[in-house]
Amino acid sequence: MKHTLQVIITEKELDIRVRELGQEITKKYRNSRNKMILIALLRGSFIFISDLCRRIHIEHEIDFMTTSSYGRGMLSSGDVKIIKDLDEDIYNKNVLIVEDIIDSGKTLSKVLDILKLRNPKSLSICTLLDKPECREVNINVDFIGFSILENFFIVGYGIDYAQSYRYLPNIGKVVFKK
């Protein structure tokens, strides 16, 4: 489908906000005696977590999880499958899930349920982009980079459209041509 891209968050704005998030996370966890682990939900969060982890100034581990809930279509089936599970044990650790974007919240809700069964000390969420108007599941998000109040397709900074545009240094809105 023919489309154009409109920049909605610049590279500079991303850099400033990721620094701020790193400071907020550092402040929250700096006095904890428990180990901290960041869990990136792949693939969309890979650029965000690589920048964010360097802005968190306390010792932490990093791990990755890949899930799927789409089957063959474009709409989520709600049935979350773990494609790549964690390599590290999260028992008694402060877990911070790092997400690129939260829309309906269905997949993230299932991931939370799965991780809670592994008995972390704490379980928090950091998302680069939050679309609260699209939420279908009640999820408490601890750290939000930017709220997107309109419902449109977003690309860049790790987020793709048909596996394209992940490389963009900014966040863009996909504008479909009629």
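Just so you know, glycine gets a Cβ as well, placed from its N, Cα and C.
In the record from Swiss-Prot, residues GLU99, ASP103, SER104, GLY105, LYS106, THR107, LEU108 bind IMP; the candidate from LYS35, LYS81, LYS131, LYS173 listed for the same site is LYS131. Close to GLY105 (IMP binding site) in the fold, though at least 6 residues off in sequence, lie ARG135, GLU136, VAL137, ASN138, ILE139, each with a CB less than 8 Å from its CB. Separation of the C-alpha atoms of LYS106 (GMP binding site) and LYS131 (IMP binding site): 13 Å, rounded to the nearest whole number. Ranking the recorded positions GLU99, ASP100, ASP103, ASP160 by other CB atoms within 10 A of the CB puts ASP160 at the bottom. LEU108 (GMP binding site) sits 11 Å from ASP100 (Mg(2+) binding site), taking the C-alpha atoms as the reference points. In this structure, the C-alpha atom of GLU99 (GMP binding site) lies 9 angstrom from that of ARG43 (diphosphate binding site).
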